[in-house]
């Protein structure tokens, strides 16, 4: 059957395996969920046999654990420990190589030369798709697009999967990141596991997606299946107990000198985990290295965190000495100044920063506390 | 004390006494004298009795610190429109620096001992004088604190 | 009034992350610990910039530093940088000589306004190395001298032997259409100039607040006293332009390091109109 954009079709989990094989066969590596070191990670994936089949997860402040799922689903977990950022904007990127030439140097390779291979992302959640949209905005500025990101991003095929449940740290419904998949995807899936049946309801969102679905063995979705799929994100939203205050940008603007920052700083270890797992944090530093001869030099771009002391270094010392200043920078940037910079929030509500914080700092709670500590605009 | 009648306008038009009440001004003018200092001459020297302050009308006055075994260091200048000298207001009424004319300086000197007596007798006048001195002292203190911050934070150069 | 282009609209580089080789054609020792370079592109091309913009200067294999451009932007032959030795990269740069090649990325940053301030009196408030980022604007003002009212330069240094661009300050002082006030912290006895803070020099300068535009280029801690003195002289925050310093790394608002409130200083600064940032200015460790 030929599938067109918007058609709702059904295929079996065996066809999903075939989809992965088709993509590899087309020379497109598939990156998707696997289990490694007790967590779901997004890595190159050969077939559904490598997927977290039957695994689910639970998470809370400072807590993440894989647990046995109830229904044998392939996408029974909520989120990978890290998002897709590392595939689109890797933690280490070479900006250029250069060699000494006379009394100067010659550039041998620049980031713009990077011919990255295409990739297919399998299992992109709604909040993650929103986060990719945030990165698209960050790396595409007036008059300048980050060439490495653009090169990788332009060739990515996105196969999104809608969430049927939420975990304790999810708050995408209030943050605007999900749980309904709403954005630019090639294929959107809903996994339906019922007595005796394990199928996917698929919708193509692009010509690429439609062409892929047309190569699979699919049948039109029944009304009952469409209703089940539509109910999944509704249920995922209903299960969310955490909520991001919609007034967060204003609360933070009014809280720059709040005594509450000292309270957070009393708990925060400034480890930077939150910035590493955040799907939108984009800060980087550069490292210049030479070989022993001194004739070859390289510059590398490395992920950086606003929690490091060097981050704010100027001649004379670091500007943000105190943990309270660094935490304030992170939270205020993510939830408030990001709007001024990019016209959107930097938070999609994935909750990773809550789960992977070693002391369980919960940004939704911190916003509540800031509001109570005086960040309210007085209307409540 | 010469040309007392001619001093009135000089005192009244100096910014330090701007908007001063007429009768108070008359009292003050009674303690004033017109003075001219040639380049390099001293308005006063450290340790001497501080019995005056000066309304600078023209020229630049340099405050210097005497340093044993080395040439004096110039540490601050005060210019036309400003006043110099407040040791006459504070016991033990002795100058704590040298003040020298950097170029020709024209000034009106105010007899501190005379003014102290008048301020003692007329507390309203005393308050008025303090109200004018205190902001000058506060500003100079603030400016000099800023200079300490600057000297402590601006690199001095590497060699 | 703030119709000035933000960002590097002028001379935007093709790939802003790749250093372009420039040859050093002159090295000049300015004051202790400070030197200037004349730089010419090795590829023979041009280099356009606006007063107040900066470059990232790359020393092969060593590293990169943000340095403001301090020459005349109408000089099509060369660009001039004045560099203070402040760390390992600038220390290594101080040992280079004529003929050596360094890398340049830029120009970056929001420039000083020029056209929007036509007709105004101008006062420049700066000290020590801070004159370097202001000099391109002073040159530009002098190129178009008839477009402006009075021009007052208040400059402060530590002593009498570390006055940056002293010869030029003398030249400008000699012009009938420019007032130059140089002040030092201390001097040998007999020195005939002004001694005291830069703020005191601003208070003593005959500034008529109404239509004066002020340009402050000082360290952050010394910017506040300068702004206070300008306020006292009736210059309002919308007419005061300041520069700030943060950790500039990429130059294009991409690496995040230079954030100041909602701004990326490398792109939205380092020049700010004071009223834009007044509410943030005294918040510590921002």
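The backbone N, Cα and C atoms fix where each Cβ goes, and this holds for glycine too.
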Listed co-binder of [2Fe-2S] cluster (same site as C:250, C:255, C:258, source TrEMBL) among C:217, C:266: C:266
Residues within 8 Å of the C:250, C:255, C:258, C:266 Cβ centre (excluding the [2Fe-2S] cluster site residues themselves): C:247, C:248, C:249, C:251, C:252, C:253, C:254, C:256, C:257, C:264, C:265, C:267
Protein Cβ atoms within 10 Å of residue C:258 ([2Fe-2S] cluster binding site), excluding its own: 26
Cβ neighbour count (within 10 Å, all chains shown) around residue C:250 ([2Fe-2S] cluster binding site): 26
Average pLDDT across the domain 'FAD-binding FR-type' (C:17-114), rounded to a whole number: 96
Residue, out of the binding-site residues C:255, C:266, whose Cβ gathers the largest set of other Cβ atoms within 10 Å: C:266
Within the domain 'FAD-binding FR-type' (C:17-114), residues counted as helix, strand or coil by DSSP: 6 helix, 48 strand, 44 coil
Residues from the binding-site residues C:255, C:258, C:266 that lie close to chain A, Cβ under 8 Å, in sequence order: C:255
